[in-house]
Amino acid sequence: MPTINQLIRNGRSKIAKKSTAPAMQWGYNSLQRKQFASGGSPQKRGVCTRVYTTTPKKPNSALRKVARVRLTNTIEVSSYIPGIGHNLQEHSVVLVRGGRVKDLPGVRYHIVRGALDTQGVQKRMQARSKYGAKRPKKGK
């Protein structure tokens with residue numbers, strides 16, 4: 001426990017908050033071939049380099065759909081493909097947002113459904129905006 005004199009002399013140091021989506025903090029200058037701190041983006045565009053399934057951590061069991069994506073700032077990240085079924089393959093252009101998947105180690109990003117080459121989830125009636133699904137026709 002510090003004395004009051006020690007606190008007056010040095011004070012308390014602030015703990016810097018680490019970003020949960022560090023790849024979103026960088027931009028890329030293609031002319032100089034350099035990365036630079038851009039202050040962060042809400043989403044970034046990228047190209048799928050590999051689309052695969054992986055298994056979650058211990059208590060859970062499933063085949064989670066994941067894509068390895070090279071972003072426009074040249075950083076390569078693993079991102080989760082939400083929803084049932086997808087049309088992604090290698091060289092698909094996708095939009096990536098932050099947001100980790102708790103039971104998949106190393107997956108800190110989500111692919112945005114219904115943007116660029118990614119189709120929305122078919123026959124999705126609830127929480128449609130999260131899965132890029134269009135509003136169903138009135139008659140059906």
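Here, residue 1 is simply the first one shown, and the rest follow in order.
Note: Cβ is positioned from N, Cα and C throughout, glycine not excepted.
According to Swiss-Prot:
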{"type": "COMPBIAS", "residues": "125-140", "note": "compositional bias 'Basic residues'"}
{"type": "MOD_RES", "residues": "Asp103", "note": "3-methylthioaspartic acid"}
{"type": "REGION", "residues": "120-140", "note": "region 'Disordered'"}
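For the recorded site, Asp103 (3-methylthioaspartic acid), the DSSP three-state label reads coil.
In terms of DSSP secondary structure, the region 'Disordered' (120-140) contains 4 helix, 0 strand, 17 coil.
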